[in-house]
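Okay, so here's the structure we're looking at.
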Amino acid sequence: MARSRQSILLAFAVGAMAAVLLASPAAAKSYNITKILAAHPEFSKFNAMLSKTRLASDINRRQTITVLALDNSAMAALDHYTLPTVRHILSLHVLVDYYGNKKLKQLSRGATASASMFQSTGTASGMSGYVNITSHKGGKVEFVSQDADDTVKPSRYVKSIKEIPYDISVLEIASVLSSSEAEAPVPPPAPVDLIELLSKKHCKSFAGLISGNADVFRTLNDTKDNGLTLFCPVDAAVAAFMPKYKNLTAKAKTAILLYHGVPDYFSLQLLKSNNGMVSTLATTSEVKKDYSYDVQNDDEKVTLVTKVVTSTVTATVGDSEPLAVYAVSKFLKPKELFKVAQAPTPAPSKKGKKEAGDDDDSSDNEDSDDATTDKGDAAPAVYGRWATAAATAGAVLALLMA
């Protein structure tokens with residue numbers, strides 16, 4: 001009976017520890033395709049082209065993905081294509097599923113078809129963005145695009161370069177996947193007058209700030225044809241922020257305006273399906289300054305969290321790759337220029353007092369040249385769970401010894 005009691009208590013201890021530890025947030029795996037390929041100089045051209053076409057950042061934001069890499073000699077086949085067309089071709093080499101070496105050799109019935117990024121982004125029509133994978137006897141594996149001509153020779157699987165199950169697999173294939181649709185010429189983007197676009201929809205006041213700052217105006221126009229997402233505060237948000245804006249230095253004014261621009265194209269669909277930190281034009285313009293913020297989504301709602309203010313995407317001003325412009329509810333305030341908003345201490349609400357967060361300026365702190373970040377909250381919470389688990393297990397083990 002005593003042994004049975006000990007078994008029950010021991011099981012309780014193990015269960016308690018498991019329950020507490022499972023409740024702790026697991027560290028999310030992350031990867032960087034540029035760094036992965038940088039360790040292999042034979043793929044330097046492929047790596048460079050992923051960055052130039054902005055596919056590298058698209059890959060890094062994805063989960064469960066396979067990159068079919070081409071060595072420097074195979075990349076020569078793309079030399080005569082324009083950059084937008086190269087983007088389409090290389091996006092066909094990014095499969096939105098995980099295929100490691102083992103999975104390739106154990107395909108059900110020896111063949112399968114996988115959607116590529118060319119397909120999943122809506123760029124390809126019909127089935128042209130799919131890639132057929134065939135495993136032959138003797139371990140030979142071949143890849144060919146769904147819309148390839150019958151005379152096209154499949155590309156042979158060479159080797160596995162890097163595998164992080166089941167997040168990313170980087171495989172070498174012998175030659176470029178041929179696709180008539182991916183190789184079709186891509187018309188250049190229509191010229192866009194950014195100031196005119198902003199002035200017509202929601203953001204006339206913000207357009208005035210941009211046009212009044214020569215450095216910002218030049219940077220945005222130099223960036224928009226290569227990939228730019230601009231978050232413009234609505235007129236009411238600009239009016240509310242103007243008293244503080246006028247007190248900023250010229251350098252800070254430039255930084256905060258550039259802070260609203262992300263040097264990459266994000267469709268609304270992509271914003272709604274991916275969470276994470278983004279770098280901004282201010283990041284690249286300021287040495288040793290972060291100037292990033294967190295893009296979060298909740299169903300159809302997209303918010304930008306800067307640690308100082310949380311702003312919501314309210315409307316699409318313009319969206320035509322490589323340029324996307326979205327109206328946001330509040331002026332984005334970086335932690336590099338303003339003090340981080342501290343989490344309010346819970347207190348009984350008193351009648352007649354305004355609720356915290358009802359007004360944009362009510363939660364603002366005074367300006368700061370070097371704001372500190374609140375990085376210490378997550379770790380104590382995790383340690384607390386470990387301590388709770390340990391205490392629970394200790395108490396039970398004490399009973400076992402009694």
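Glycine is treated like the rest: Cβ placed from N, Cα and C.
Not measured: the values here are computed from a predicted model.
What TrEMBL lists as signal peptide is 1-23. Residues or ranges marked as domain 'FAS1' in TrEMBL: 30-165, 190-332. Taken from TrEMBL, the feature region 'Disordered' applies to 342-379. Sequence annotations record features per position, and here TrEMBL assigns compositional bias 'Acidic residues' to 357-371.
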Residue counts (helix, strand, coil, in that order) that DSSP gives for the domain 'FAS1' (30-165): 53 helix, 34 strand, 49 coil
Segment confidence, the domain 'FAS1' (30-165), expressed as mean pLDDT: 92
DSSP helix/strand/coil residue counts for the domain 'FAS1' (190-332): 57 helix, 39 strand, 47 coil
